[in-house]
Every structure is written in C-alpha cells, then in structure tokens.
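> Take a look at the following structure, please.
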Amino acid sequence: MADMQNLVERLERAVGRLEAVSHTSDMHCGYGDSPSKGAVPYVQAFDSLLANPVAEYLKMSKEIGGDVQKHAEMVHTGLKLERALLVTASQCQQPAGNKLSDLLAPISEQIQEVITFREKNRGSKFFNHLSAVSESIQALGWVALAAKPGPFVKEMNDAAMFYTNRVLKEYRDVDKKHVDWVRAYLSIWTELQAYIKEFHTTGLAWSKTGPVAKELSGLPSGPSVGSGPPPPPPGPPPPPVPTSSGSDDSASRSALFAQINQGESITHALKHVSDDMKTHKNPALKAQSGPVRSGPKPFSAPKPQTSPSPKPATKKEPALLELEGKKWRVENQENVSNLVIDDTELKQVAYIYKCVNTTLQIKGKINSITVDNCKKLGLVFDDVVGIVEIINSRDVKVQVMGKVPTISINKTDGCHAYLSKNSLDCEIVSAKSSEMNVLIPTEGGDFNEFPVPEQFKTLWNGQKLVTTVTEIAG
C-alpha cells in the first residue's frame, strides 16, 4: 500500500511539472510545450526522438513493470522538461548567470530524483536496470554545456553499458523483454548524440532575435518541482528588538535628539575651562589625578556566539546478512570479523554494500560478487564463475582461495587482490582507481606484491592512438 501511495505521489509531481510547463506563457519566454507544428527543426527532431526510442523504452519498461516502470516515468518527465527548454531556447535569447540556472533547475532536480530512486531501492531485483539509468541520466545535462555536449552524452552512455551488460548477461537466455529494454534505452543516448551533432554541436542553440528568457513563473522553486501555487511573498521585516530600559530610554533619546537639533546654539551652554583646570598647564592637578583612563574603544559589532549546533542523528541502516531469492545481501555491517556464508549455490550472487571494518568469508562456488561502497573490508572466497567487482570502495582486501576469471576494480582507492595458484590467469580490469596491488603466491607460502599501473602515455602513430604504461623510477 505504501508503494502504491509513493507511486501516486510521484505521478502527481510529474503531472504538476508538465502542467506548469504547458501553462507557461510564451510572452514570458518560459518553458513552452507547444506541438511540433510550427516549431523550429531542432524541436521537431527532438519530438522524433521522443516518439521513437523513448516511446519504445517506455513500452518495454511497462512490460517489465515494477521499479523499472516507475523509473522510466521519471526519465520521461525529465525528457519532457528538456523538450520544453528546447522550445524556450528556440524562441528566446540565452539569459545570463543565475537566470540560466533557474531555467535549468527543473531538469537538474528531475535528474536527482532519478538518481535518488536507485539509491532508495538497492534491494530491488531490477537493481542493474535502475543503475544503468541512474549512471547515465546526467546526459540530460548536456544543455548546460558550453562546448562539446555530444562527447559528454557518449560518456554517460558508456557508463550505462557497464550495467546493461549485466542485464544482458542475466536475462539474455531467460527473458527477451530485458534484452529489448537494453536496446531501447541505449538507443535514446545514441540518437541524442546524433541529434546534438546535427543541431547543437557547440552547445544549446538559442534564438538570436527573441526576448531574453526570464525566470520561470510557472514552476515553483523548491527541492522538488511539482504542482501547486507559487510560494507566498515574503512577510514584512521583523519589528525592531525592544530595549530593556523601557520608557526611561525613550525619554532620554528624545532629550538627546532635542539637544542635537539645537545646532550651533548648543555650544552656548558649555562652560569656559580656565588654565588652572587644564592638566597640561597645572602639574599639581595632573599629580592629583589617577592613572589616565583610556577612552572608549571604537564600536565593533558583537560577534555571535557560535555554539556548535547539534547535528541531526544520521539514521543507521540495519545490518543485513540474508538470502533474497538468488542474491546474498550483506549490508551495513560494521566492526564484524566473523561473517561467513557457507550455504551457496552456483546460480547465487553476493552483493556487499556499505560494510566498514568487516571480514566476510564466502564458501563454495558462487556466480558473482559485488563489493559496493565499502571501507576496510576483508573478503575471502573459494570460487567465482563470473566476476568479482569492487566499486566506490576504500582499503579493500580480496583473497581468492580457488579460482576466479575476472576481478574488476572501479572508482576505488586502495585494493589488494591475493590470488591463489589456480587463479594466476585472472584478468584484473581497473578504471578510475588508485593504490591497487596484486599479490602472487610463492613456493614458500608467502606473496610477492605487484602494483597495478595507474599512469599511462598515449601517442599518435599516424594511424591510431597507442597507449603504454609509464614507469616512474623512484
């Protein structure tokens, strides 16, 4: 029931966005959402993209259903908002600074909503689908790039393929719908690249003759752009802080201003000071006086006392070690040194997430292992028939006792991979990572440590780029 309520709320927000888009007046140069008829060619071309690969992606997502369908609706909303921005750009000149940021804000917020949905549904059986979308949805941000938006979209498409390959591997021989889903989704970004190359090679093409685009009056600002009236105007400034002395202070202030208003005549009330009353001309008077007091210090605004505000207590997620379908979930474990998974099967996978200072042993033969967002994790396993992936982690140590064909290290700082004699042919694939070492067993039972290269040199040989490892003598 709660899931249904969440879906209804998300759909209401999406409808609110699109209604606000469609009601924005062209006179304000806000987001337009007029039909393609009469639109400039690049808006018509974008409509063709929406009607073909996007429509196919939505269709396949609906057939799969569940989280995939919900996620697709969010993506569709983002594309609709982008289409509206294209209409605006075709009619208006580009605004500067913060005004441009205001126009881009709804798209940015929708991108964040897509990413957040994946983070909130890490236990979903369609997690690879959600990850493919989440890792690439930032491609919608090409409209904010001043140069080379096409390569940026390609980079996001490549990020999606990291996860779509997993989807294909899991469903290729099981359910063709998922294969078609991958094809439809990736085609959105490949066609968007071609679209950008044709119409927006050096950035979003704005009108040269229309009025300057203004801040959106039809879309309220906030963490989530939704339906509803704009926020009320700010209230009146707070009244001045009353002083503690009450009517006496008021009377004394009145008297002070009355004296000031006298102008030059105020000096008539001053008394004449004779020489015998001046300390610099009467040494006896100077000796009688005490130490000279310094005058009042210049006024400085009092510094507010900065008392450390208590930080809101971060909600600690429950620790998990459970089998969900064919997936072993090991999550949020901290300072545990004796975790063991021994009841394994060949078709099972293990997903290890947000574990800190923890040691886990996986016995038997398993399909694949993923280590995500872990710190100071020790992982020991027997055999993996697929791949061991380490993503977004720090200080991870992995030891294979049997055999593993591939170890993938991505966005990780600090990884030690201890290989067994049966896994010396293991492939180590790394990207955006540092401090990686592979340890090879010796005859005496020890290990020899070999660092994985992190620095490369690329040269053009006249026909292609040639990349070699750069060795730094130390």
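Backbone N, Cα and C define each Cβ position, glycine as well.
According to Swiss-Prot, the feature compositional bias 'Low complexity' maps to 216-227, 243-252. The feature compositional bias 'Pro residues' is assigned by Swiss-Prot to 228-242, 299-311. Marked as SUMO1 cross-link by Swiss-Prot: K347. The domain 'C-CAP/cofactor C-like' annotation in Swiss-Prot covers 312-452. Under the heading N-acetylalanine, Swiss-Prot lists A2. Annotation source Swiss-Prot lists phosphotyrosine at Y31, citing similarity to another entry. Marked as phosphoserine by Swiss-Prot: S34, S289, S294, S300, S307, S309. What Swiss-Prot records for K80 is N6-acetyllysine, and it gives similarity to another entry as the kind of evidence. Look at Swiss-Prot and you will find K286 tagged as N6-methyllysine, backed by similarity to another entry. The phosphothreonine annotation in Swiss-Prot covers T306. Positions annotated as region 'Disordered' by Swiss-Prot: 215-252, 277-316.
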> Validating a neighbour-count step here. Other CB atoms within 10 A of the CB of K80 (N6-acetyllysine): how many?
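Excluding its own Cβ, the number within 10 Å is 21.
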> Quick one: give me the count of other CB atoms within 10 A of the CB of K347 (SUMO1 cross-link).
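Total other Cβ atoms inside 10 Å, all chains included: 9.
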> Between K80 (N6-acetyllysine) and the residue listed as 'SUMO1 cross-link', find the distance joining the two CA atoms and give it rounded to the nearest Å.
40
> On the DSSP side of things, how many residues of the domain 'C-CAP/cofactor C-like' (312-452) fall into helix, strand and coil, could you say?
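With helix first, then strand, then coil, the domain 'C-CAP/cofactor C-like' (312-452) has 3 helix, 86 strand, 52 coil.
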> Do you know the mean pLDDT across the domain 'C-CAP/cofactor C-like' (312-452)?
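Taking every residue of the domain 'C-CAP/cofactor C-like' (312-452) together, the mean pLDDT is 92.
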